[in-house]
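The domain 'GST N-terminal' annotation in TrEMBL covers 1-82. Summarising the annotation, TrEMBL assigns domain 'GST C-terminal' to 88-229.
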Amino acid sequence: MGLELYLDLLSQPCRSIYIFARSNNIPFEFKHVELFKGPSNSEGAGKVSLLKKVPALKDGDFTLAECTAILLYLSRKYNTPDHWYPSDIQKRARVDEYLSWHHANIRANAPKTMWIKVLIPLFTGQPLPSEKLQEVMEGLSTSLRQFEERFLQDKAFIIGSEISLADLVAIVELMQPVGVGCDIFEDRPRLREWRRRVEDAVGKDLFFQAHEMILNIKELSNIQIDPQLKEQLAPVLMKMLK
């Protein structure tokens, strides 16, 4: 039995795994999960992941959840180039440092732009007040300034001259705002050049293939949301309107 990856490319963690596997020529069966179409479309992932969510990995009888754990598993099993997760203890610590910081900062802010501009109106039928987006963008701006000053500095990539898992996890998150028309790179030349280097490192064709769905996120308004899912999520999302 070969490697199976359960992914929805609207999800930024799923995209990081997809890009990493493809750019390193890791053979896998892509199990496409469409989370917004309801439980029946994520049934396979639910059987694989105890957490019943994507991303999920199945390798023979072994199953694994959580983005970072899957990335590290793939890098170790397939002996990917050292720059992704360096053997040098201090460089590896820098990757770990970024991944730890990422969740409470970039990940805490960037995805909210998509929820505010697209998903909350889609699930609730109500637009979110513009001040909510402004509040999120202010928090994201603070995180981006810290990202540039603390992690990127004057380096080509987060840990130096080569791309690492830290860069990959960061870039997929920052493409969420871009997909809904918030171009966070436009007025940040250092960040814009870093994005260009990341694209080149993984291959532009692969990068934009992985992000095709998020860059066309407004087309989500044309899909049929599973009624049960809509009923479950709408009350939760309505709390974000307050």
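Every residue gets a Cβ built from N, Cα and C, even glycine.
Per-residue pLDDT, averaged over the domain 'GST C-terminal' (88-229), rounds to 91. Counting residues of the domain 'GST C-terminal' (88-229) by DSSP class, helix then strand then coil, yields 105 helix, 2 strand, 35 coil.
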